[in-house]
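Summarising the annotation, Swiss-Prot assigns topological domain 'Extracellular' to 1-41, 99-108, 178-204, 286-301. Annotated N-linked glycosylation site per Swiss-Prot: N4, N11, N17, N26, in sequence order, evidence recorded as sequence analysis. Feature annotation from Swiss-Prot assigns transmembrane segment to 42-64, 78-98, 109-129, 158-177, 205-225, 265-285, 302-322; the stated evidence is sequence analysis. Under the heading topological domain 'Cytoplasmic', Swiss-Prot lists 65-77, 130-157, 226-264, 323-515. The feature region 'Disordered' is assigned by Swiss-Prot to 407-435. Marked as compositional bias 'Pro residues' by Swiss-Prot: 417-426.
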Amino acid sequence: MGHNSSWVSPNTSHPRNTSGAEAGANLSAFGELSEAQLYRQFTTTVQVVIFIGSLLGNFMVLWSTCRTTVFKSVTNRFIKNLACSGICASVVCVPFDIILSSSPHCCWWIYTMLFCKVLKFLHKVFCSVTVLSFPAIALDRYYSVLYPLERKISDAKSRELVMYIWAHAVVASVPVFAVTNVADIYAMSTCTEVWSNSLGHLVYVLIYNVTTVIVPVAVVFLFLILIRRALSASQKKKVIIAALRTPQNTISIPYASQREAELHATLLSMVTVFILCSVPYATLVVYQTVLNVPNTSVFLLLTAIWLPKVSLLANPVLFLTVNKSVRKCLVGTLVQLHHRYSRRNVVSTGSGVAEPSLEPSMRSGSQLLEMFHIGQQQIFKPSEDEEESEAKYLGSADFQAKEVLTSCPEGEQEPPQLAPSVPPPGTVDSEPRVSPVAPMESGIFPDKYSLQFGFGPFELPPQWLSETRNSKKRLLPPLGNTPEELIQTKVPRVNRVERKMSRNNKVSIFPKVDS
């Protein structure tokens, strides 16, 4: 990627006061030099924007193809191949041309012959892969439209086609090591200062541009024309095919769906932008190779450097904007990132210790728990009958005492300290006395959930309370008032005997016999 003598104006001497004609010529030369320097700064700025935008855009294309299943696996593979070649071309081609465009005499290590040849080889490879990916996508679109119910290109064939693309690019780029002053589409700098006018150089330039640039672009337009003819013929004949690819309600569908039509428009736009941006490159090749013009204009050279690189930025932008499904996926991802970032800001800016009077969802600081709690309140909202039973429940103190007994699990029941109870004679109180789980006051309870041993989203719904057990509106059978009683189900006893009382107050045990 050596120094190109045409980048620097040869007229760099200061004007002399020899004559008026020479002074005018020197002033005009300085004016041209200042314009060239200004245009050089413009090209450097544009290439920096292209470098950043192409990297971000191609990475987003890779992410969208991996995240969504909008297209088939074969189409996704070709699109990923195009995005990878765009990333490689942006990383390898653009930075060094930015350096040489800003200052041709900087970075002496770039001008070493070995380093320059390796970079030119990589430039050729990635440029060739980008161009050869267009006909591969067009071929896949052609088979998808003409044979929608068949799979002409399998996954194995698509992998082989991608391997052929890279092999073709490598073989077409190997002669760069022998011909050092070759310029490609994405990098116009050369490794030698003087252009060689040998026959081998002319043959290589013609063969490369015909086989790697002109023929692939012509194949793309040929496939697009065939697709258009097939679609127009299907619309005229009103062909109705089974809705296997895009199901609809018994409506005649064309060969290509809206999603495929968007992909066709994307491919056509990419190829059109590539052709328009490559016009300065083709002009420069004709000037330096065919017409053998050694001194070309600085403006033509700088334009041939930055304008073809616009296609590196245009390819991902067109893919992300023209396709509606990909655009929706991208917008949804941005919305998710915004929500996640805003949620983190709310949690980080909140106080470390919450007030005890706040709700559990607000104390936790999690929006997920808050949404769950609100949804639970809406689901288990008490009805009018339940509100009446709640009023009766709050007005009866005896009923509250019974509710305390029934709300505690077995083995943990303790009668309320309302009055000392005396056990009947001849009985032994074998149940252990355990203090309740939560201290309870003898006053009126604040709400109907105060007797339940739950917290937050684990509070029991009103349909499971004892006053509504006989109602038809309950959701589940009354297995208990606490989660422990819900889990502990009683196993029915087998071969239970019957006890009958006789006239002499004697208990007789009769075994139960199956009749």
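Just so it is clear, glycine is given a Cβ too, placed from its N, Cα and C backbone atoms.
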Range from 42-64, 78-98, 158-177, 205-225, 265-285 with most C-beta pairs under 8 A to the transmembrane segment (302-322): 265-285
Proximity of the transmembrane segment (158-177) to the transmembrane segment (42-64), 3+ C-beta pairs under 8 angstroms: no
Helix-strand-coil residue split for the topological domain 'Extracellular' (286-301), DSSP-based: 9 helix, 0 strand, 7 coil
Helix, strand and coil residues within the topological domain 'Cytoplasmic' (130-157) as assigned by DSSP: 20 helix, 0 strand, 8 coil
Positions on the same chain near the transmembrane segment (42-64), where near means CB under 8 A and six or more residues out: 79-80, 83-84, 86-87, 90-91, 94-95, 97-98, 101-102, 302-303, 305-306, 309-310, 312-313, 315-317, 319-320, 326, 329-330
Positions whose Cβ lies under 8 angstroms from the topological domain 'Cytoplasmic' (130-157), at least six residues beyond its ends: 72-75, 77-79, 81-82, 85-86, 89, 165, 168-169, 185, 212-213, 216-217, 219-220, 223-224, 226-227, 230-231, 241-242, 244-245, 255-256, 260, 263-264, 267, 270-271, 274, 311-312, 315
